[in-house]
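Listed in TrEMBL for this protein:
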type: TRANSMEM; residues: 54-76; note: transmembrane segment
type: TRANSMEM; residues: 82-103; note: transmembrane segment
type: TRANSMEM; residues: 143-165; note: transmembrane segment
type: TRANSMEM; residues: 177-197; note: transmembrane segment
type: TRANSMEM; residues: 204-227; note: transmembrane segment
type: TRANSMEM; residues: 247-271; note: transmembrane segment
type: TRANSMEM; residues: 283-304; note: transmembrane segment
type: TRANSMEM; residues: 338-364; note: transmembrane segment
type: TRANSMEM; residues: 385-403; note: transmembrane segment
type: TRANSMEM; residues: 409-435; note: transmembrane segment
type: TRANSMEM; residues: 461-480; note: transmembrane segment
type: TRANSMEM; residues: 486-508; note: transmembrane segment
Amino acid sequence: MTKEQQVWAHEEGTPPHSLADYGIKEKASGSALVKPAFEGHQVELERNFSMLSALGLAFALLNSWTAMSASLSVVLPSGGSVSMLWGLLTSAFGAMVMALSLAEITHNLPMSGGQYDWTYIMAPAGYKNGLSFFTGWMANAGWIALVATASSLGANFVYGVAYLWKEFEPAPYQNFLLYLAFTLWATLLNVFGIHLLPIVDSTAGLWSLVGIVVVIITLLACSSGHYQPAKDVFARWTNTTGWPDGMAFILGLLQSTFGLTGFDAVTHMIEEMPRPSKNAPKVMVIAVILGSTTSFVFMVVILFCLRDWDEVLTSTTGPLLQVYYQATNSKIGGTCLIVFNIGSMLFAAQGLTTVASRMLLSFVRDRGLGKLSRPLEPVHPKLKVPVWCILFVSGWVGCFGLIELGSSVALNAILSASLVFLQISYFVPIFLLLIRGDRAFNNYNNDAVWSLGKWRRPINAMALIFITVTTVVFLFPPFIPVTSASQMNFVVVVFGIVMVMCLATWLIDGRKHFNGPSDLNMRLAMGKEA
């Protein structure tokens, strides 16, 4: 094992934070520093992402207003407008305490592996390898599932437009083919368009902001004189889930929590952005603030302009397109507005694939997938992207889409899977920070300038409570009684499969060969000096 890997042996000296400590020289490339290749990283990724493009990426990935409006079918039966608005505020609070907790860790430990890198450093010596391995599996599974959500929501939008213009007998395979089209688009752009991605991500953020403004103005103008009463907007309770009201409300949080998840995206792009120890935490927190604010405003407008609750709940076109159609009273008008949401999902699919592949790249560099790691590790020397990691992510996203063929509540399952896995990966480092405090950083944070201070423990505790409650509840079926297999929440099956694969990989290979993040000090130095 190399000296860099033995992070718990810091008695030998303070871990270096400078590349010069390794005798490595840096060369300038524009305003950013480009690091030369080192052992274990044959080809380095380029620093293409500025603070603006990184913020655009984060806002486009959260894409909260579109994500929440696209999943109206999840929340409307589970509390109606009460869950839509007050549930959103509840989720915004939960997302903010999670983001603040992870932002502090990111500032102290800016590393592309994110959760699993942090866990390795922060865990007690005897638990480093096992906890880091488990967290890495949860984070990677969560990001792959998150890519699947973009393809699923985008396919639903396009499917809805087709049905709006020409009624036909819906067939699951049609939606699945659209799902694969979104996945293919994201794959091709990530493999062949790396130098376009910063422009695409900046455009994505602008597209989302312009889209929400145009849609809000159009809906309010077209619905003038036909607004819903304030009581229906802010206090209408609807529960058709079969669950008790309290349980239904928590189930309804799936929509808003999903719309605000993925704020850790920027941590996995650290090797491709300047000054990540300062910029990454800012992007995480700002993205949650922007996502929460824009989503709340949009949800209020949707509720004021919604005319027929029953039609929205049962429409084959999907709830959002039905709201647009009701407000504009025009197929053309509704279609034009939904184009903004379809475009947002195209951007999101691309961006989520980028982040998921970088997260996977960090993990396979350290043999996180056992013997499968080595063939996935290379970065293409000409394309400058981890091609095999991108294809691996896209392949599993395609497998995820098979749920669309066999479940009548497929959307719930895919959304739940992304949240369950990601929130478990957030839980581990936040829990370690709560119980160990500054000791968890193992002297790797001696140049940190920002801290939550006395608010750290209450913020960490509230984040853990929110994660625990929502993660457990999101495993339950959205409706009861469950009378057929197609009505069950398939996230339980997905979770079980991933846990079995994780355990098998650990027993067969990981416990012998997984030694945590390789070149750890080097990667940390890159994050702190870039």
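In case you wondered, yes, glycine gets a Cβ from its N, Cα and C as well.
Counting same-chain residues at least six beyond the ends of the transmembrane segment (177-197), those with a Cβ under 8 angstroms from any Cβ of the stretch are 46, 48, 147, 150-152, 154-155, 158-159, 345-346, 349-350, 352-354, 357, 383-385, 387, 390-391, 394, 397-398, 401, 404. Remark: the transmembrane segment (283-304) contacts the transmembrane segment (204-227), by the rule of 3 or more CB pairs under 8 A.
Residues of the same chain lying 6 or more positions beyond the ends of the transmembrane segment (409-435) and with a Cβ under 8 Å from any Cβ of it are 71, 73-74, 98, 101-102, 104-105, 115-116, 118-119, 122-123, 131, 134-135, 138-139, 141-143, 145-146, 148-149, 152-153, 156, 254-255, 257-258, 261-262, 264, 400, 403, 456-457, 460-461, 463-464, 467-468, 470-471, 474-475, 477-479, 486-491, 494-495, 498.
Under the criterion of 3 or more C-beta pairs below 8 Å, with sequence separation of 6 or more, the transmembrane segment (338-364) and the transmembrane segment (82-103) do not qualify as touching, having fewer than 3 such pairs. Sequence-distant residue pairs (6 or more apart) of the transmembrane segment (82-103) and the transmembrane segment (247-271) include at least 3 whose Cβ atoms are under 8 Å, placing the two stretches in contact. Beyond the transmembrane segment (143-165), the same-chain residues lying 6 or more positions past its ends with a Cβ under 8 Å from any Cβ of the stretch are 66-67, 70-71, 174-176, 178-183, 186, 258, 261-262, 268, 316-318, 320-321, 325, 331, 334-335, 338, 341-342, 345-346, 348-349, 352-353, 355-356, 359-360, 393-394, 396-397, 400-401, 404, 410-411, 414-415, 417-418, 421-422, 494. Same-chain residues lying 6+ beyond the ends of the transmembrane segment (204-227) with a Cβ under 8 Å from its Cβ atoms: 55-57, 59-60, 63, 65-66, 294, 297-298, 301-302, 304-305, 307, 323-324, 327-329, 333, 337, 340-341, 343-344, 347-348, 350-351.
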